[in-house]
């Protein structure tokens, strides 16, 4: 665009940029409000969501990644509780991932027991059990936002 002598094109671009900046601020505020409300309700910054499907471990991993999430990996007691609330609501167990250097664990009595399998599942009370990766369990994905 050629600028006229009064700089009207430049002024209109500055106005448009200012409007866009205001929209971004408003969208960020709306997003953070919804995120905080969901976190307040669950007690966790992480969000655990089920699509109600039943899958083995590998398809679950793909489903969660395609949705922009991950297989649940609770790092704190409140995260595990939020995860367990989803399982209790659906009355089903689900897979989770436990890191090698996990600071938080919630193994059930007698667990882990690799004879039961190399994957890990959580029951409706949030206790963790060794499991076969071929077991069909509730699909639950974990989402979290870092801003």
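Glycine is no exception: its Cβ is also placed from the backbone N, Cα and C atoms.
Some features that Swiss-Prot has for this protein:
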- 62-143: domain 'C-type lectin' (DOMAIN)
- 64-141: disulfide bond (DISULFID)
- 103: N-linked glycosylation site (CARBOHYD)
- 119-133: disulfide bond (DISULFID)
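Neighbour counts of Cβ atoms within 10 Å were compared across the disulfide-bonded residues 64, 119, 133, 141; the minimum falls on 133.
Secondary structure of the domain 'C-type lectin' (62-143) per DSSP, as helix, strand and coil residue counts: 22 helix, 20 strand, 40 coil. Model confidence over the domain 'C-type lectin' (62-143) is summarised by a mean pLDDT of 94. Annotated pair residue 64 (disulfide bond) and residue 119 (disulfide bond), C-alpha to C-alpha distance, rounded: 16 Å. Here the Cβ of the residue listed as 'N-linked glycosylation site' has 7 other Cβ atoms within 10 Å, regardless of which shown protein chain they belong to.
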